[in-house]
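Encoded as structure tokens, the structure appears first; notes follow it.
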Amino acid sequence: MLFIESAFLVLTSLSAAEAATPFEGGVKQKVFHSAGHIDDFIVSRDQQTIYIASINRITSLHSSNLSIQNEVSIGPVQDSPWCSADGKSCLKDNRPFSTDVHTKILQILPSGQLLQCGSVKLGSCSTFNSKLSLITEASTPVAANSPDASTVSQIIDNRLVVAASPTKESPGCNPNLPGLNVENAGDLEGEAAVYLRAAYRSSFRFVTTFSHQHFIFVVATVTPRETRLPVTTRLIRFCKNDTKFVSYSEIELQCRGEDNTNYPFLTAVVQTGDKLIASFSASPTSSKNSICVFSMQKVKLTFWYNVDRCRSGTDSIKLSHIGRDTKCVNKAHIPLDEDSCELGVGGSIELVEMSTIDVLAKVTSLMAVDQKALFAGTSSSQIVMLKWDEQNSNKLEEYGRKEIGDGRTGSEVVKMTRFGDFILVQMPYGIVMEELSTCAHHESCTDCQVSVDPLCQWCHPTQSCTTSSRCSGPLTTQCPIVDGDPIPSMVSVNSSTSISFNIHHLPPPVGFVYKCYFGSKSHSKSTKATWTASGISCPSEMFGSPKTFEISLMTSISKNPISRHNFTVFDCAGYSTCSTCMSSEFGCQWCSHKCSSSCGSASAKACVKIQPMKVPIAIGSQQEIVLEALNLDTLDRKTEHFCKVNGQVAPAKIASDSIRCGKIQLAGSNETNANMVVPLSLMANDVVVDIANVSLYSCSNLAADCSSCLALSPSLSCGWCNRKCSHECHESKATAVCDPPKIDRFEPSSGPVEGGTVIKVYGNDLGMSVEDVRGKIYVAGSRCNIVEYQVSNMIACQVDKGVSSGPIKISVGRATMAVAESSDLFSFVRVSIFSAYPLYGPISGGTRITLYGQNLSSGSRISVTVGGLPCPIERINSSTVLTCLTPSGSSIGKSAKVVVHVDHSQIQLDQPFEYRSDPSVNSIFPLSSFKAGGRIVSVQGSSFNTVQSARMFLISSPTPPFEIISDLAPCHIINSTLMTCMTPKILETITRRVEYTRQPVGFLMDNVTAVANLGRRIQMSVYPNPSLSPFKGIRYHQGEQSLILEGHNLNLAAEPNDFKIFVGSERCYVTLVDVRQLVCSGPLKQPKPTDERGVPINGDNPLVTVIVGSLRMELGLIEYSDHALPSRLSFLILGLLLFTVITLIVMCLIFKRRRQEREKEYRKIQLQMENLENNVRKECKQAFAELQTNLVLSPKSTGTITSPELIHFPHFVENLLWADQNLTSAPSLARTLPVTLAQFHALLSFKGFIFTIVEAAESDVSISTSEKSTLASLLISVLLRNFSYCTEIVVDLLKAHIARSVQAKRAELLFRNSDSVVEKMFSKWMSICLYSHLTPQMNSYFYLYKALQYQTDKGPVDAVTGDARYTINEAKLLRESVETKTLKIHIVPFEKCDETTHLEVHACDAICQLKQKVASAVYKETPYSQRPRITQFELKLKCAKRGDIKLTDVSAVETLSQKKLPVKLLTLADYGIQDGATLEMTSAVYTAESYRNSLADSGQSSWSSLDRCSPIYSSSKYYHLTNPSSGTMTFKKRTSPSEIPKSIPEVYLTRLLTSKGTVETYVEDFLESVLYMHDSSYPPILKFFFDILDREASINGVSENICQQWKANGYVLRMWTNFVKNPQLVFDVPHSVSMDANLSTVAQTMMDCFSFSEPVLGAHSPSSRLLFAKDVARLRPLSVDLFKRVKNSPPLGMEELRTELVNMANDVSTCKGSSLALSELLSWVRGNGIRISQLLSSNQETSQQRLPQKLSQVLHVCLETDNHIYSTISDYD
């Protein structure tokens, strides 16, 4: 990797020219195809040229149309990674060869020149001018020297920064080639660099680099050398002016899902504004990516936290890959701000963010747009468009997708760059220019403002929807609102005026002017408008003729109008009479016998106005016409006036208020009309005074029969004569004789017997008035009362009850009556209801209920009620079936009566209707479809079976108001919780122009409104329709091969099972769906020539049809290739057959030879299998014998167990508090004045100060668990001086901790993880309090320990791994058949020949094990800590023939350098030691030879470790009993099938049972003692502890079960488990790996006894739980009983508690080390002083006690000056 930073000699401005729009809209996509793979591209600063670097070539394109400007070839060149840049110096026999040039760096220099660095010549660079002519060519290595290596670069402040990861070590350059190197623009000389160690170079892959504020950042992914470790994403940072990279720092970036799943693989990253946006995936091949947004402020703070953590002396620098991993120095008193550049670390605090959105695609690049949108390029030729959520600025939501490129460009979106209102997209073999937004598709301001595209805004000057960069004026946030029509909206011809538009939110003209256009813009005149705050005003043009046209308001640079209105130009001269002139809508005036828009002189104040006629005139009559008129006094009586009607003229006589015209013959033009109107003009000479309309009528057209004629108004003078109605009849109406009445028809024909039916009777001459027929109508003998009457031809009446059928009889007339009788009969019937379905429905109503009955179509009125509410009838299918829609119900489960009303009949259904719960929708899967719909989706919810049908649709908005934008798709209800639906089709009129939308879903389920709009909760993604390319001619296909179909958008919203492909009428089953490809497996033989329905088609070939959803696509005809081979291939086949025969003969010979070899190998394997069987049989027999004989310890061995002696209490406290630390000396104590310690100790007397220390540690997430444990030990050690005060502090802290845990809903985790300072303090305090009361339990534990030790030593123990034949831990079970025997040897201790010790050992024991046993046997009466270490003596074998032989683990003759690893440790059998041999102990003498023999070559002392029974031998270098390269399957991975293991590891599991049976009694005794089964009293502190937990559980409302978990965790998990796993705390015994394994099993068993959950045991359960499962089942109830006994025991009195605390105070007074602990605690407080001071100041109580000031006095005491804070950082010049 290489970081380069260099100052240019000639500083030039780096400001880019303002982006120019390359071309106007209208072109959706432009593509440049490259012959070679494109490495990178960049745009020139003037935005006119695009430079593209492909393999061996650089090309410049015109930005307007992507046409080629210039092109230059840069490769291939003669190069080799094993040669120098000039190729003159190569390593050994290497020579330069033809090598392709891959461009790694492509940058525009400040001078405008093009910088290109390739993968050849060690990554050197060249510069080109704008015409791609070579300017300079340097040899300095800059870029990565491999095509596959990563290189990122940027130019910042005239400096080039490069990060590169070379993959080839080249001797031709500096072997310490930095990963980053910045060159001067002229000579490319590097200035500063930081290096990666060679071991780490291949781990880093650089993704991008960017700058923010005064920092430079590089994003890299790190793949650990160990495959078990996860891939991480590192953010590297250093200051811009940091030439020595002192500020070089790293943090880890993590992106996690909602379930806290970590997505480790970074796929793309981009930085914009104050956000760092990155895309991650769960695996490199995952098709789902999660996008996380990191705040740059959080990035800065995370770097600062890590730097500050190192500043306080915590942890190390952790930059081992660049050679910086020293320990951090504590300099907390030195200030450090967030922008500091004086320290760099690779801290352990990572930056974690949760995923903001999941993208269902493999994201390969990201691009941010104006901090409004984010574009994600994918590997499948798509750009996913995302926008920031309006409610949450850190949340993203998808609003569209774009297909990019074509088949020739490749499918992966490598890089995206904004280019004006377009995107430049780099694909593997092409550059694509695509529109940035969809704004051009929105034509109105309102549509633009509500667009889902966040980049779209309304540009007022151009009146178009566009992006902000394309608008020359201000963007509109509020659309203009036009208030009414323009004023005026009409003008007179030949006049001009100012027209005003009342428009709100109209911005003032800036950079443009407003114009008014009269008529269409292409054929219109325009005038400049004047803008005011209230609107716009325009002067109008002169118009010469009346017309109506459109007036538009536009801007001078717009093509679209702001508003359009109809505008009228009128001409008053068109009105010929005074009255029409004065009454016109245009305000015309009558001036001097003509109409004008305005009068120069006084206009007429009144006009003659003829009033409409009140009485019409009969057509064909000749009579005078009298008309009323107004303002007749204005007429000149001397002038002759006359009337003119239909061309006939008659003189007119003018009265004061009327006009009488002479007789005129009035003839109608069309006598078929009953009424007509003709104009009548009053003339004065040739001048028309006024015009009135005269109404004419025709009697024959007004009445067709006698009764109607005689019923006409007497004023019409119509009479009946000559069988017609006429005004010429001279007979009176009284003497007229009419025809008899007649009934033509009636309806309905039947009705209920209860009556009430309204019958309408139609006929002729049914009376002249209602009185002629009132009370004279009978229907089948029942009276019928009139409800409606029309003269002569219609009577409506309501019939009374009836029981039979009969005609309708009507008597017409008063004096003399005529009777009319119908020919058809009316029937009285009985209406009945048999059943109804369904009889249940949702509470919201709308259920379509069908009623079945008889005579349901009878009667005139029918209605249905459900529960007393109307059930609107939908339709009546017949006399037996009707349907209605139920109303909403009042309550769920209520039964409602169903009643049918037919006129006066009322019928109730026997079964009631039941209202049930409304259906609800919970989820839909899948939530994606295409525009044509028809995809099957599953809908889950509840109460679906309460409705009979459901239909699915999409709506425009999740909130009202909204509209349905799709058709209604049917659903199939399967049960109450599941139904399947077809996705709906988007309506063509509503089809959005964007290719992708997310629309809310709604369902039509009766009248249930809750599912009509599911809102934002459930939205369906609508994608473009999948399309398939038709065949070009007939498609030829091999039947046995899969059929591959090409198309677009195939898998966006469809799965393989959504496609139905037919070849003819046979199915072709889909096996794979890609975005552009569909693969199916079809019939092997060619089907019949049909379509998918089996309909025959023309020709011999079947039709290929694809059905997906509602889409049906015919792709064309397909023809299967003929299976008969063509004749021209016969010779080829013959040759192939001959070649096959020869090949078979050769193969047979080879097979015969191989068969002989396999038989030999088989016999060998058979022999190995027999050996394996013998070994297994032998092991089983031995295991059976051990199980039957070794069930208890022998009496002899039992007698060897000595009485236990607990270590003294001070030593126990020291072991408990400082088991993992060494507090024997503290450098800080020597530097700390006693007065300072006294002042600090005084501070500890304030509870608030201690509580603040604990709070500071608990709230600091950077403090590790081990640091918290150390802090707890320091506090306990210091507080032990006053044990009562210590107890009070611990109890108060515990109470507060319990309350916080309950409040945080973590009550069940109390004492479980012990990651809290409070819990650690409490466990240590509890152990100290109970130590003196644990003598019975410790006795049982000691016997158990000795029993386990004896059982383990009975068999072989591996000195390297600690595996033992006899153990109760499966992990440390020796899975080998080790042949050994017991030897009795004699030991002469240290030249005491007269005293010998007898010892039993194993012949397989290593020498270090023998020494340990010798020391234990000789010094068995001496405590272990006082015995000599095995490094202090040697053993010599007394041999008369060979002399004394010194025993060592490794022979002095064979060293590590001479032996093949691993080396076997020597055993007693290797030295030939026999039974009865004598060994002598001698003092160890350290010489060079003995040092070498002691395995010092391994880098560490083996003997000191073995002295503690802790094998330190590396299993890769040494082995004892188990050789890693041979043996069982556990230790060896077979390299060939012929290798058979010597035995099966699982056979040895029976040894666990042997060991368990031996020590089972001791385990039970120990567990029973912990449970106090044999004791009636308990330690007072235990009762005190349990009572505290009971009280706090009651106060905080915690259940009894959780409280018991607290007790079990505190008593067993935190105290007893610590004792069991660490016997060195209480006994003076050695440490042993094999014993640790045994004790871990005992500890696990003890925890299981106190577990409250019943474990589920099986074959896969851990052996530690299976071994003692029965014991655990017996003892678990006793643990609950223990808690009950303690709880029910008498409460602990204050006096008893005080006595106990006094005794404890006396015990702890003998403990030492509190001064050292006080000094270390002061050092910790000093390192966290700022945080503690802030907490003290924020607390009112501690502030009143002046604790912040007191602490400040202590912290400001001067200490000796340490080294410089950055002394651990190595600078690289």
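Don't overthink the numbers, they just go from 1 along the chain as shown.
Glycine too: its Cβ is placed from the backbone N, Cα and C atoms.
Taken from Swiss-Prot as is:
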- 1150-1188: coiled coil (COILED)
- CYS83-CYS90: disulfide bond (DISULFID)
- CYS117-CYS125: disulfide bond (DISULFID)
- CYS239-CYS341: disulfide bond (DISULFID)
- CYS255-CYS292: disulfide bond (DISULFID)
- CYS310-CYS328: disulfide bond (DISULFID)
- CYS439-CYS456: disulfide bond (DISULFID)
- CYS445-CYS479: disulfide bond (DISULFID)
- CYS448-CYS465: disulfide bond (DISULFID)
- CYS459-CYS471: disulfide bond (DISULFID)
- CYS516-CYS538: disulfide bond (DISULFID)
- 20-436: domain 'Sema' (DOMAIN)
- 438-480: domain 'PSI 1' (DOMAIN)
- 571-608: domain 'PSI 2' (DOMAIN)
- 698-739: domain 'PSI 3' (DOMAIN)
- 741-829: domain 'IPT/TIG 1' (DOMAIN)
- 831-916: domain 'IPT/TIG 2' (DOMAIN)
- 919-1006: domain 'IPT/TIG 3' (DOMAIN)
- ASN65: N-linked glycosylation site (CARBOHYD)
- ASN241: N-linked glycosylation site (CARBOHYD)
- ASN494: N-linked glycosylation site (CARBOHYD)
- ASN566: N-linked glycosylation site (CARBOHYD)
- ASN670: N-linked glycosylation site (CARBOHYD)
- ASN693: N-linked glycosylation site (CARBOHYD)
- ASN855: N-linked glycosylation site (CARBOHYD)
- ASN877: N-linked glycosylation site (CARBOHYD)
- ASN975: N-linked glycosylation site (CARBOHYD)
- ASN1007: N-linked glycosylation site (CARBOHYD)
- 1-19: signal peptide (SIGNAL)
- 1152-1764: topological domain 'Cytoplasmic' (TOPO_DOM)
- 1131-1151: transmembrane segment (TRANSMEM)
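For the domain 'IPT/TIG 3' (919-1006), the number of residues in each DSSP class (helix H, G, I; strand E, B; coil) is 6 helix, 42 strand, 40 coil. Secondary structure of the domain 'PSI 2' (571-608) per DSSP, as helix, strand and coil residue counts: 8 helix, 6 strand, 24 coil. Taking all protein chains in view, 16 other C-beta atoms sit within 10 angstroms of the C-beta of CYS479 (disulfide bond). A sphere of 10 angstroms centred on the C-beta of CYS328 (disulfide bond) encloses 21 other C-beta atoms. Comparing the disulfide-bonded residues CYS90, CYS117, CYS125, CYS239, CYS439 by how many other C-beta atoms lie within 10 angstroms of each C-beta, the top residue is CYS117.
Most Cβ pairs under 8 Å with the domain 'IPT/TIG 3' (919-1006) belong to 20-436, among the candidate stretches 20-436, 438-480, 698-739, 741-829.
Listed recorded positions near ASN241 (N-linked glycosylation site): CYS341 (candidates CYS341, CYS445, CYS471, ASN494; Cα-Cα distance within 10 Å).
A simple Cβ count within 10 Å picks out one of the disulfide-bonded residues CYS83, CYS341, CYS445, CYS448, CYS465 as the most packed, and that one is CYS465. When Cβ atoms from all protein chains are considered, those within 10 Å of CYS255 (disulfide bond) total 27, not counting its own. Over all protein chains present, the Cβ of CYS456 (disulfide bond) has 23 other Cβ atoms lying within 10 Å. Look at CYS538 (disulfide bond): DSSP puts it in a strand.
Secondary structure from DSSP puts ASN65 (N-linked glycosylation site) in coil. Candidates CYS90, CYS328, ASN566 (recorded positions) were compared with ASN855 (N-linked glycosylation site); none lies inside 10 Å Cα-Cα. As a summary of secondary structure, the domain 'IPT/TIG 1' (741-829) carries 3 helix, 54 strand, 32 coil according to DSSP. In terms of DSSP secondary structure, the domain 'PSI 1' (438-480) contains 11 helix, 8 strand, 24 coil. Fewest Cβ neighbours within 10 Å among the glycosylation sites ASN566, ASN693, ASN855, ASN975, ASN1007: that distinction goes to ASN975. For the recorded site, CYS328 (disulfide bond), the DSSP three-state label reads coil.
Non-local contacts of CYS471 (disulfide bond) by the CB criterion (under 8 A, 6+ apart in sequence, same chain) comprise GLN457, CYS459, PRO461, THR462.
Comparing CA positions across the disulfide-bonded residues CYS292, CYS341, CYS439, CYS456, the one lying closest to CYS125 (disulfide bond) turns out to be CYS341.
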